[in-house]
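Down below is the structure, laid out as structure tokens.
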Amino acid sequence: MRGKGVPVRLDKVSFSYGEAPLTFDVAFAAAEITAIMGPSGSGKSTLLNLVAGFETPQSGGVLIGGVDVGAAPPAARPVSMVFQENNLFAHLSVEQNVGLGRSPSLRLTEVDREAIDGALARTGLGGKEKRLPRELSGGERQRVALARVLVRDRPVLLLDEPFASLGPALRDDMLDLVAGVHAERGMTVLFVTHQPQDARRIGRNVVFLDNGTVAATGSADDFFAGAGPEAFRRYIGASAGNAVSQDIARKRT
């Protein structure tokens with residue numbers, strides 16, 4: 001499954017860490033960007049891990065493109081994921097870290113190398129192919145992680161607060177890069193964020209989690225216009241819905 005985004009559904013999924021049960025029954029629209037928000041401990045990262053295959057539901061099903069992927073290991077699922085920790089290999093160069101998205105053994109064909117060069121250029125890393133991760137800034141390391149996603153070319157992209165450690169300007173740059181890539185490739189993007197500004201900047205939809213379940217879903221415009229549940233308004237704060245200027249560069253498709 002490659003190319004344009006596909007729908008993602010968690011169908012009556014239950015999961016628990018010890019005494020904390022989580023239940024997810026939610027659908028994510030194909031080829032759209034959905035912000036997943038909620039208090040700490042509400043299950044945001046767990047939801048992404050269930051989609052990616054890093055966690056296994058105790059009941060219910062995970063469907064990607066209408067196919068139940070419960071039996072598929074993470075590597076076989078049509079998803080890519082970027083974490084807050086960029087998961088780069090310190091001893092590998094930029095181009096090698098990106099190349100892992102094409103071949104875990106780094107046995108690369110000419111087509112693979114062309115894809116890597118294109119991804120590095122698209123993410124602003126041209127000319128830095130031979131550098132090691134320690135020679136890069138935090139924002140550049142996350143660009144490497146995103147370039148690796150591009151060469152994998154999966155229809156679903158999962159973002160688990162990958163830019164949370166960056167300053168506001170760098171974070172905006174990375175969000176705009178994600179929005180630009182989404183506009184070009186049309187993948188389904190699920191991204192976890194605590195930042196209302198981030199959700200408003202690129203999110204078309206919002207899924208709000210509270211107490212280990214899906215408390216509400218809807219369009220980002222409606223949520224930030226006050227139509228979200230009271231728990232969401234408390235979560236973002238009374239003035240956060242108006243914190244982002246109305247003339248912000250919206251990068252949606």
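Even glycines carry a Cβ here, placed using N, Cα and C.
Record features, source Swiss-Prot:
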type: BINDING; residues: Gly38, Pro39, Ser40, Gly41, Ser42, Gly43, Lys44, Ser45; note: ATP binding site
type: DOMAIN; residues: 8-236; note: domain 'ABC transporter'
Neighbours of Gly38, Pro39, Ser40, Gly41, Ser42, Gly43, Lys44, Ser45 excl. site residues, C-beta within 8 Å of centre, ATP: Thr46, Leu209
Smallest number of other CB atoms within 10 Å: among the binding-site residues Ser40, Ser42, Ser45, that is Ser40
Would you mind listing, in sequence order, the residues at least six apart from Pro39 (ATP binding site) in the same chain with a Cβ closer than 8 Å to its Cβ? Leu209, Asp210, Tyr235
Among the binding-site residues Gly38, Gly41, Gly43, whose Cβ has the fewest other Cβ atoms within 10 Å? Gly41
May I ask you to report the DSSP-based helix, strand or coil state of Ser40 (ATP binding site)? coil
